[in-house]
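Peer 1: First the structure, which I've put down as structure tokens, then a few questions once you've had a look.
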Amino acid sequence: MVTTEPRAGHVPAAGDGADGTKPGRASELLVLLTSVGAAVAAVAQPFVLGRTLDLLLRDGDAGHWLTLSAGLLVGEMLLDSLTSLFTGRCNAGWTAAIRSRAFAGLLGAVPERARPYTPGDVGTRLTLNAADAGSGPAARAALAAALITPAGALAALAVVDVWVAACVLAGLPALALLLRTFTRDTGASVAAYQHTQAQIASRLLEALEGTATIAAAGTGARERARILAPLTELATLGRRMWALHGRALGRSGVLVPLLILAATAVGGLRLASGALSVGGLLAACRYAQLTAGVGSAASLLGAVVRGREARSRTLALERMPALAYGTRHLPPDGPGDLELRGVRVVRDGREVLRADGVRIPGGTTAAVVGRSGAGKSLLAAVAGRLTDPDEGQVLLDGVRLDRLTREALRAEVAFAFERPALGEGTVADAIATGLRPVSREQVRQAARAAGADGFVRRLPRGYDTPLPSAPLSGGEYQRLGLARAFGHAGRLLIMDDATSSLDTATEHEVDRALRRSPRPGTRLVVAHRPSVAGRADLVIWLEDGRVRAVASHRDLWNVADYRAVFGVGGNAASTPGERPTQLPEAEGARP
Ligand SMILES: Nc1ncnc2c1ncn2[C@@H]1O[C@H](COP(=O)(O)OP(=O)(O)OP(=O)(O)O)[C@@H](O)[C@H]1O
């Protein structure tokens, strides 16, 4: 049975309650309650104030109406302050939850699916967009309350004087139209603005990664222009958003006073005809003002629209497809037999890998060899289930990888990459990080096997040196990545270009140390050097995504096409089986 890994969005993320409840929900409710309370107080005020005025004019004593007026005023102020407080808490809670869910979605996704998202784009989604999305719920609650005020005010106005109410009602469609146009236009601009922001961040990060290349090529000015190119568009979009805001405010700035003026005029006529008291006129004018205040919802509406667009960007990370895991475990003490059966990988409608009947006996080392783009990394990814093949199966000790539990898979299959991501802890942390706890002694052993112990001990604080302050070369960093993989290796270790920065002698030492390990396991090594392929027990030779041969390096070396993979020409026999020619001495390995 195959179970689906709990989706990132369903995993209680940092900031969620222990029961998985949404962190901002309580604050969101409080924002709604306090802003509704403030709206009710605002709607009640004109009526109470008008009544108080009438009583004062008539008797000179308004009694408890005066207290009620003061109470409503103070109450509204208090509720407004509480709304601000809860809005801050609500925004922070939602932002944290949205960010950690998006992050969890990204980390749990099939790496293949995460590839199109550049680091800059991801950074923008996790920072700016998460914050905008986190402000959305409170803005929505405030907007709902903000609509209560004009609706309530209109109803109260109808009670106070139906003619003034009719006058205000006649002007409302123009205000509604204004808000509708604003929402529509802002939505499109905000989406484009957020996209362009991400574009600039992506280009900046790309350039930061390639500073050495840029400096060497002297292309700094061109690079700067490339990064800043979308800035013109960003500025245009920003100006357009401000123009939309300005236009909405300007139009409502004309419309609202006109509406209030008309309502006051009608109220004045009603007062003159004796149909309305002085207090009634005061209340009617205030209600007209509150009803027309619907135009002020524009800024809240802007925040809601911005939040909605930003949320769709964080959801794209949160809902990335995750690998499904099974419920099976591997047979204990299995040798690590690996088999690829009818494997086919298709990308963009093109078959990029086909491997059928490829068997790697447990405890042996297999080198994956082929020209650039032949499918080596893809085969390594499929063999360790970083991605699933579109067809076929991969079996480890007879069990399909996709039937294994996540723990069984990751405990028994370790990866080492060309550019490992080791975090910002100490050197010891970098090696020890993994599914299983690793003792200090095991950290040292792994480092020794990876040829890292010597340089680590020369670091200012040895294994306790924080990585960001450790002056490491590319090859040394790579050896720490190897040490981590060795420290956690189960029955299958996959090394994808993981020794590319090592000199041949060090690489040879690493290989020897691995062979001496008490449980060597099976190793799949993506190899670019004949020396590595020469030391492997067998070679999987890939050509244009297909397995051209599985044989020993010694046998394959007879084939001119195979030698050409390593850039070695010569007129040796071009079919396997003939006597092998010698490897170049410089590579230090003979088949
Ligand atoms: N996500 C993808 N979308 C489209 N094509 C892809 C994708 N992943 C891999 N490919 C294609 O599959 C082929 C094999 O890629 P792979 O990275 O496995 O090559 P490789 O042999 O490891 O190359 P190199 O030695 O240069 O690293 C390439 O043509 C590559 O463009």
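Here, residue 1 is simply the first one shown, and the rest follow in order.
Every residue gets a Cβ built from N, Cα and C, even glycine.
The region 'Disordered' annotation in TrEMBL covers 1-21, 569-591. For 29-50, 153-179, 248-267, the entry in TrEMBL reads transmembrane segment. The domain 'ABC transmembrane type-1' feature in TrEMBL is assigned to 29-306. Taken from TrEMBL, the feature domain 'ABC transporter' applies to 338-569.
Structural setting of the listed features?
Peer 2: Residues 42-43, 46-47, 50, 248, 251-252, 255-256, 258-259, 262-263, 266-267, 270, 275-276, 280, 283-284, 287-288, 290-295, 297-298, 301 of the same chain sit 6 or more residues outside the transmembrane segment (153-179) yet have a Cβ under 8 Å from a Cβ within it.
Long-range neighbours of the transmembrane segment (248-267) within the same chain, counting only residues 6 or more positions beyond its ends whose Cβ lies under 8 Å from a Cβ of the stretch, are 161, 163-164, 167-168, 171, 174-175, 178-179, 181-182, 276, 280-281, 284-285, 288-289, 292-293, 295-296, 298.
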Peer 1: Residues sitting near the transmembrane segment (29-50): Cβ under 8 Å, six or more positions beyond its termini, same chain?
Peer 2: 65, 68-69, 72-73, 75-76, 79-80, 82-83, 86-87, 90, 138, 141-142, 144-146, 148-149, 152-153, 156, 160, 277, 279-284, 286-287, 290
